[in-house]
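Features as listed in TrEMBL:
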type     : residues : note
REGION   : 1-43     : region 'Disordered'
COMPBIAS : 16-36    : compositional bias 'Low complexity'
TRANSMEM : 148-168  : transmembrane segment
TRANSMEM : 188-210  : transmembrane segment
TRANSMEM : 230-247  : transmembrane segment
TRANSMEM : 262-281  : transmembrane segment
TRANSMEM : 354-376  : transmembrane segment
TRANSMEM : 382-403  : transmembrane segment
TRANSMEM : 415-436  : transmembrane segment
TRANSMEM : 442-466  : transmembrane segment
TRANSMEM : 478-499  : transmembrane segment
TRANSMEM : 524-544  : transmembrane segment
Amino acid sequence: MSSSSDLLIASDQRARSLSRGSFSSSRNSSRNNSPRESLDVPFSAPLSQPLLLTEERERQETKDGRTLTDEQTFAFSLGHAQNDLSSSLWFTYLLIYLETLRYLPPSSSGICMLSGQIFDAISTPIAGLVSDSGLGVKWRTWNLCPRTYQHLIGTFLVTTFFSCVWIFPPPEFNEGTSPTTYKPLTTSYYSLSAGLFNVGWAWVQVNHLALIPDLTDHELERVTLTSKRYGVTVLTSVLAFLSYLILLSEFEPKGYNSEEKWRVLGIICVSVGMVCNVIFYRGMSSVCASKNSGIRGGDSLKCLSDELYNEALLPPSGLPSKDDVSIQVPSSTPDETITSPFQWLKTPLFYPTALIYMSTRLLINIINVYITFYLLEHLQSPSVTLALVPLTMYVSSFILTSFSKRITKKFGKTITYIIGGGITGLGCVGCFFLKGSGFEDIGMYIIAVFFGVGNSLVMVTGVGKVNDLVGDNVSTSAFVYGCMSFTDKLSSGVVVLYIQNVRDTKCDDEEGDEDECGRFVKDVMTWVPIVSVGVACAVIVALGDKQKQKEKKQING
């Protein structure tokens, strides 16, 4: 899972237009060769085949081709709200919460983080396969679609185990004790809770995205659904940070290490998420009852592509334009068509592209995780900065997102990535020299803006490189996105665990030096992102040079 979020999985707009075109051609062919009655799906039609529109459904379409009401569109947009609320807290605050409120040493809190990352990496492709299998197709209670039932299962896991982490302490804390030493039970409790929470998180995300092609065939309407969904992501993330800011600044006792404040914050996220889910299920019930929606086989893993693509390129609010729907990205896909997933392992471009994406996600995750430790252990900033600085980063990233498409079109992916990497690098250098400069108060917010803008640009380009790799190889795209997601989550978890083990010695309460602990966090915030973005920039430049040489040979040949 990522703060914003995460790959969970990205395909090119051409993939959507190809699937759209194949569906339209199959529908037209059916109309030309069959009587009107044959538009209904035959009893023997395989579940994996696209469902043909019925006459009743055609009558439901409006003049502009839309099939969903505004109420149904709004209900759909809320289906990922609980995921968004919980993920806003997860990467930014999990480690500091476990160390200050649950008395876990850094190495143990790192194990909990790694557990969640591993479960997330493994469960995402499994959730896609199960979603496409049609599990729940016979469970028509409440008129819910099969994918909505699976969404409900994921919601149960998210609600239960998010509550276990943030609201309900492990049994030993209920005994009224305050353990100050490592206890295996505590680590096991939070590791298992983190793992199962991430399983539910992936299940909700996969099935919510996969509902889009099930609900409508209209391309503009599909993009609208994703745009509205992203709008809710922004609102819920801002709500989470603002709620924490109010709790920190307005309620006693002051400070971040208050048991009640964390519990109230968790209750706010769960309560708002549950209200949004009730609206979502009611809206989906009316859609499924009217359309009797089925499963579009294979769509779940393809639709995960929209997650990062639309976070980077769709307008922040309102309806997308026609230009947004028809964006075409130049492809650097392999010359041959990839028909088997394992052919990708023999494709030279596969590994450098994975390295670019993994490095990009790593630098973003490290900044998100350790910004709070930097504020507390190095700058000794007031508690309110724990909410204000991440909020500043998020808002800056969101604002830049609306301009990123034009920047990429003007400068190209390579230059855009270098610009974004340079901006992020300047933020890292600022972290290194900020303490003692006399500008700590205002300087941290300037650095937060740098991080937000730079991270947004490198993320856009990193996802674009994955899209370019896939190109027209839609049938095997799920394997590519699954591998990218797996390497991203696993690498971030392993690096965080390593850093936490070093912090164990640097920040030991009995033997560690407080200044040494702060300096180590400063070095992490400086050098890990710089090295990550440096590696990615070097690979992107090398790939660009190879592509130019290839094009030159084709022209001269």
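Each Cβ is built from the backbone N, Cα and C atoms, and glycine gets one as well.
Sequence-distant residue pairs (6 or more apart) of the transmembrane segment (442-466) and the transmembrane segment (354-376) include at least 3 whose Cβ atoms are under 8 Å, placing the two stretches in contact. Using the rule of three or more Cβ pairs under 8 Å, pairs at least 6 apart in sequence, the transmembrane segment (148-168) is in contact with the transmembrane segment (262-281). In this chain, the transmembrane segment (382-403) lies in contact with the transmembrane segment (230-247); the count of Cβ pairs under 8 Å, excluding pairs fewer than 6 apart in sequence, is at least 3. For the transmembrane segment (415-436), the neighbouring stretch richest in Cβ pairs under 8 Å, chosen from 188-210, 354-376, 382-403, 524-544, is 524-544.
For the transmembrane segment (382-403), same-chain residues at least 6 beyond its ends with a Cβ under 8 Å from one of its own Cβ atoms are 4, 92-93, 96, 234, 237-238, 241-242, 244-245, 248-249, 254-256, 311-313, 315-316, 367-368, 371-372, 375-376, 444-445, 448-449, 451-453, 455-457, 460. Scored by C-beta pairs under 8 angstroms, the transmembrane segment (354-376) has its highest count with 524-544, from the stretches 188-210, 478-499, 524-544.
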